[in-house]
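Here is the structure we will look at.
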Amino acid sequence: MEAADYEVLSVREQLFHERVRECIISTLLFATLYILCHIALTRFKKPAEFTTVDDEDATVNKIALELCTFTLAVALGAVLLLPFSIISNEVLLSLPRNYYIQWLNGSLIHGLWNLVFLFSNLSLIFLMPFAYFFTESEGFAGSRKGVLARVYETVVMLILLTLLVLGMVWVASAIVDNDKASRESLYDFWEYYLPYLYSCISFLGVLLLLVCTPLGLARMFSVTGKLLVKPRLLEDLEEQLHCSAFEEAALTRRICNPTSCWLPLDMELLHRQVLALQTQRVLLEKRRKASAWQRNLGYPLAMLCLLILTGLSVLIVAIHILELLIDEAAMPRGMQGASLGQVSFSKLGSFGAIIQVVLIFYLMVSSVVGFYSSPLFRGLRPRWHDTAMTQIIGNCVCLLVLSSALPVFSRTLGLTRFDLLGDFGRFNWLGNFYIVFLYNAAFAGLTTLCLVKTFTAAVRAELIRAFGLDRLPLPVSGFPRASRKSQHQ
C-alpha cells in the first residue's frame, strides 16, 4: 500500500473519530438536559394521574410525560444554543491551541444547531400532537381496549392531521411562491415544505416574543419585589403584624361561631381571607427578621440591575435600528459554515460577549414571565403537584415555540452579531427589510411604553403606602381607597 493510501486512511479514521466524539458529546449534553427536565416535570405533574386504579391510564400518562420531557429538553437546548455558541467562540479566541478544548470546534456547534432544528420539528409536528391525542384517545368503537388500541387511534388521527397541515402548507407556499414546481409536486417535502412550516411556526414564536417580552420586562420588577425583602421606608412592621393578627383572630372567631352573627356568612370567602392574612403575616415576619444588609442593599441592587439590563436592551435595539438604516450588513442572515475562533462577535471582546449572553438569558426569562402574566395564557400556568397532563403538554409546546424562536429573536434585534447557523438562517422573512425594521421599532416602543407605565405606577403606589396616604378617607389617584368596613375591622 502506498503512502498516499495511508494518508487517505488516516484522514478517514480521524474524521470517523471526530464524528464519534461529536455524537458522544451531543448525547451527554442532551442526557443532562433530559434528566433536569424530567426532575422539573415530576415536581409539577399531578400524582393522582399516575397512581390511578386503571393501569392503562397510568401507562398512557407515563408515555406522554416522557414525550413532554423530550420536548422540554429540546426547548432548553434551544435556549442554550446561542449563548453556548457565543461563549465557545470566545474560548477558542482566547485559547486557540489548547489541547483540552480541541473537542470544541465549528463542526460540533453546527451539528448542535442542526440537531436542535431537527428535534424541534419532530416535537412540534409529531411528538406533541401524538402525546395529546394519546391521552385523549380511548380506542376505536368495537375494538379491544388497551394501550395498543389507543396507539392505533392516535396514529390514525396523527396521519389525518399531518395530511391536513401538509395541504395547508402546500396551498400557502403556492400562494406566496409563484414557482410552478412548488405547486405541482410534493417531492421536496423535507427540503422545502417542512422548513417552510417551521419558518411559519418560528415567525409565530417571534411575534409571541414581541408581545410577551415587553410585558415581562415590566413585570420583572414586581416579581423580583415579591421574592426579595423590601426596605422599611417610613413603615411600622410591628403595627402591621398586630393588625394582621387581630384581623385573623376576628375571622377565626366568625368561622368557629357562625351562629353568633345574624347575617349569613360565606364560609369559603372567610377561609380564603384567613389564608391571605396568614400569607401576609409570614411575609411580614420575613421582612422583620431580615438583616439590614439584605433589606437595604439587596433589594435596591436587584432593582438597579434590572433597570440597567432593561435600559441596555432598549439602547442596543435603538442602535440596531439606526444601523439597519445605514448598513445592509446589520440584517440578520444565515451562515452555512461555522467558522469559530477567528473573530469576536462583539466590539467589546469577551466582556461584550458576556453581556450578550446575560441579555439573551434575561430576555428569555422576561418573555416567560410575560407569557404567564398575559390574560390569554394565564390559565396555562403550571401549579406545584397539581398540573394536569394536557396542561403539561400545552406548556411544553408553548415553551418550545418561544425557545426555538429565541436565536432568531436575538439576532433580529441585534443583541448579538453571531449569524444563524444551519436551517435557522433559511427563513424567508429574515431578508425582508421592512419586517425586520418594523419589528425592532415595535419592540423598542412597546418596551418603553410598558416600562414607563409600570415603573411610574409602582413608584407612586409605594410612595402612597410609605407615607400612609392609602389610609386617608380622601380618595387618592391611582390607589383604591380602603372601605370603611375594612378600616374598622
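Each residue, glycine too, has its Cβ placed from N, Cα and C.
Sequence annotations record features per position, and here TrEMBL assigns transmembrane segment to 24-42, 63-87, 107-134, 155-176, 196-218, 297-322, 353-372, 392-409, 429-452.
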_Same-chain residues at least 6 beyond the ends of the transmembrane segment (24-42) whose Cβ lies under 8 Å from its Cβ atoms_ = 65, 68-70, 72-73, 76-77, 103, 108, 111-112, 115, 392
*State the non-local partners of the transmembrane segment (63-87) in its own chain: residues 6+ outside its ends, Cβ under 8 Å from one of its Cβ atoms.*
29-30, 33-34, 36-38, 40-41, 45, 50, 109, 112-113, 115-116, 119-120, 123, 127-128, 130-132, 134-135, 338, 340, 345, 353, 356-357, 360-361, 364, 389, 392-393, 396-397, 399-400, 402-404, 406-407, 410, 416, 418, 421
*Which residues of the same chain, at least 6 past either end of the transmembrane segment (353-372), have a Cβ under 8 Å from a Cβ in it?*
79, 82-83, 86-87, 89-90, 208-209, 211-220, 223, 309, 312-313, 316, 344-346, 378, 380-381, 398-399, 402-403, 406, 409-410, 415-416
*asked:* Test of understanding: applying the rule of at least three C-beta pairs under 8 Å (pairs 6 or more apart in sequence), is the transmembrane segment (392-409) touching the transmembrane segment (107-134)?
replied: yes
*Among 196-218, 392-409, 429-452, which stretch has the highest count of C-beta pairs below 8 Å with the transmembrane segment (297-322)?*
429-452
